[in-house]
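All remarks here apply to the structure that follows.
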Number of protein chains: 4
Amino acid sequence: MTQEAWQKHSQWPMVAASLIFLVAYSIQVIADLGPDQSRAIDLIITITWLAFGADYLISLLLAPKKVRWFLRNLHELVILVLPVLRPLRLLRLLTLLKILHRASGNALRGRIITYVIVSAGLLIYAGSLAVLDAEENAAGSNITNFWDALWWSMTTITTVGYGDHYPVTVLGRLVAIGLMIGGITVLGVVTASFASWLIERVKNETVYETEQEDESLRIEISRLASEVARLSAQLESRKS
Amino acid sequence: MTQEAWQKHSQWPMVAASLIFLVAYSIQVIADLGPDQSRAIDLIITITWLAFGADYLISLLLAPKKVRWFLRNLHELVILVLPVLRPLRLLRLLTLLKILHRASGNALRGRIITYVIVSAGLLIYAGSLAVLDAEENAAGSNITNFWDALWWSMTTITTVGYGDHYPVTVLGRLVAIGLMIGGITVLGVVTASFASWLIERVKNETVYETEQEDESLRIEISRLASEVARLSAQLESRKS
Amino acid sequence: MTQEAWQKHSQWPMVAASLIFLVAYSIQVIADLGPDQSRAIDLIITITWLAFGADYLISLLLAPKKVRWFLRNLHELVILVLPVLRPLRLLRLLTLLKILHRASGNALRGRIITYVIVSAGLLIYAGSLAVLDAEENAAGSNITNFWDALWWSMTTITTVGYGDHYPVTVLGRLVAIGLMIGGITVLGVVTASFASWLIERVKNETVYETEQEDESLRIEISRLASEVARLSAQLESRKS
Amino acid sequence: MTQEAWQKHSQWPMVAASLIFLVAYSIQVIADLGPDQSRAIDLIITITWLAFGADYLISLLLAPKKVRWFLRNLHELVILVLPVLRPLRLLRLLTLLKILHRASGNALRGRIITYVIVSAGLLIYAGSLAVLDAEENAAGSNITNFWDALWWSMTTITTVGYGDHYPVTVLGRLVAIGLMIGGITVLGVVTASFASWLIERVKNETVYETEQEDESLRIEISRLASEVARLSAQLESRKS
């Protein structure tokens, strides 16, 4: 079996595992669980983690150039091995978007905008869970429930930063940095998309004029060609 | 009667209802009303709401494809039904802009800039009313008069976010998120408009050069055509 | 005397008056003056104000279409009449830039960048003086010396907004709003300038290719022309 | 020896001196040193400073137009002479990037992005060291360890500005202003790069169409040329 065939078959099961992880991780961080429930959730998360790990290993074994694939997918290994980077597993859901787009085949700009909106949404959700996980029980923390975490994520990704809530732990600050960089990227992409659209619209008029001039050149050459043809026919007739 | 005809006739009355709602809602949120005045304002707001509702229902009934129109205008129904989204009814005033522009027919960039300025103004005003409505009587709130609400809206839409005022209720925070997204959009549009203008100005020189080269090509072909014509005339004269 | 001639002659004296106003107003706001010194500074500011007023009146009287000029320069009247808008008189110094540029004749992008940097500098300086003037003696204010005011202006125009200093008076907040709008504009212009430069650089390669293709078309037509000429010469020689 | 030859030879030693300075200065600011260690670090920093000074002097002496070189490199002298600007010596490491790029020869946009990421990283690191150096022992300061300084740098360069940490000394605020300006530039460059990429991608389709039309014009002319050639051959054959 080739790596490509494997990835085609594992695509949907992996999306399912991501969704299960999304729900289980959300419950673990947000809800106040009893010991039994907590163990059940832990089990579910472990199972999704094993699924991700199996997919990684099989992909590695099926890769035609194993060392190269290993180096290019180092980030996947890091996300798998470090428990701290657990929330990043949620970004796996972006493959869902890739599958959907492959089917539809939208225009470039529309595709980019969908991508940005969904990525920003996932980033905000994953960031909120991650910061709550890190700050919930920290001393001097001011992010202690999911709603505050979500609000803080929004003020961070938009670079507003009121300062009514902010992370105090190392992990929480790393999440914040991720959100800030995400926010700058989102702003850049939104602006660029709009600029591209506007420039295109304004240019269309100019292009129309140029096309008309090109058209007149084409007519001129066409007339020249028919003149030469007439000349040629004339010579022909005199020969006979 | 077709839907289009209805919307053409209801345009101006709906703008009037929006303006009445604007004034009544502003008074209700900002002023300190006695019970009689409060009832009067409530009545006026209810009447404008009935007008909006009637317009919605008639538009729906007159639509050629009812289900499609219903799905595409779901946001209007949501704004009508949820009292919480009341401030969004102010955005109806943007139709005023649409009417004005249809009459004038400005250049694209000028139209966009007018649109952005008026939308941002409406957004700031509606956001200030909405946040004040939500926070005024909340525990631990620090936005308690209209002037503070307006100031807070400005610091939010520009993503400055001093943190001297910030919402503490769920509703107030949703208003804030709306303003942040609005702010990012405004920034993107301003930047894109300027970029489009600048790129056009810089390019004009280049286009001028290209046009001159095209001109020389045209002259060359024109000379060729007259040469062929001369040749043809020569043959003609020899025949006779 | 025409309005144009007057404005040409009054240009430099008005720049001088602006500079004198700049120094006098700075001293008035920043320094701790005795009553005698205070009266002297008041006198100087009044004199520059009279100079601005005289220039306004004479320009109005010399205008060919007085009503139109009046309406188009309403902002100048407002700045002159309202003492609150005094700091905006500093923006008069931007004419200095206009004069300099008329002499040099730089490229568009370079001119825009100079303009933005100088405008931003003036805006920050004028904003700092204005906010200090407004907040210095206000109750609960936290901007009480020029250095704090300058620092606050920087955090506002860049939309950082730490919140360690913020205005509490109506006037101070209006200054803040002016700085925020200025900041968004500066950011937009910087981004647009860079985008324009980058797009031009990237395109140059493409344009080069297109030019080469155009060149080959030109050669083809040129060859065709010489062929026709040869043909024509041949016919000529056979006739003789 | 020419200035160019000298700079080519001194390139790598200067990068080495910058790296040594980077490490020594980091230790000096971050670590809690005993008097002996402190003296050792001071010595190392002085040696790198002498190396920078010697490079500056030799470059000046070897310059063909000494006055012009002096004026154009005034910023280097200022950085060398003022101890306060010490952290800016770290920016020397950007030459490393210049060397690497000269070797590779990447595409323009890729080069700009590498440049921006490395510059932003250096700016954040140098800014964190500088602000810590300035604030560490100041009264009322809230930036007292390197990790807080780094976190503050990130919130400043992204213009988030929570306000949980902010500089209170003149020097610290100057560092902040540098970071803010850096942040605006980074945002501008990121947006512009993306806009340039997007515009190019969208345009490629249009260009493709134009090229096809140009192609049809080329075929038309080519056919015309062969027609003329046939005509010419005919005349030739009749002559014989």
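Backbone N, Cα and C define each Cβ position, glycine as well.
TrEMBL annotations: computationally assigned, not manually curated.
Some features that TrEMBL has for this protein:
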type	residues	note
TRANSMEM	C:12-31	transmembrane segment
TRANSMEM	C:43-63	transmembrane segment
TRANSMEM	C:112-132	transmembrane segment
DOMAIN	C:126-199	domain 'Potassium channel'
TRANSMEM	C:174-199	transmembrane segment
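Two recorded stretches are said to be in contact when at least 3 C-beta pairs lie under 8 angstroms, sequence spacing 6 or more; the transmembrane segment (C:12-31) and the transmembrane segment (C:112-132) meet this definition. Taking Cβ pairs closer than 8 Å, the transmembrane segment (C:174-199) reaches residues 87, 109, 112-113, 116, 119-120, 123-124, 127, 130-131, 134, 153, 156-159, 166-167 in its own chain, all 6 or more past its ends.
In this model, the domain 'Potassium channel' (C:126-199) carries an average pLDDT of 92. DSSP assignment over the domain 'Potassium channel' (C:126-199) gives 52 helix, 0 strand, 22 coil.
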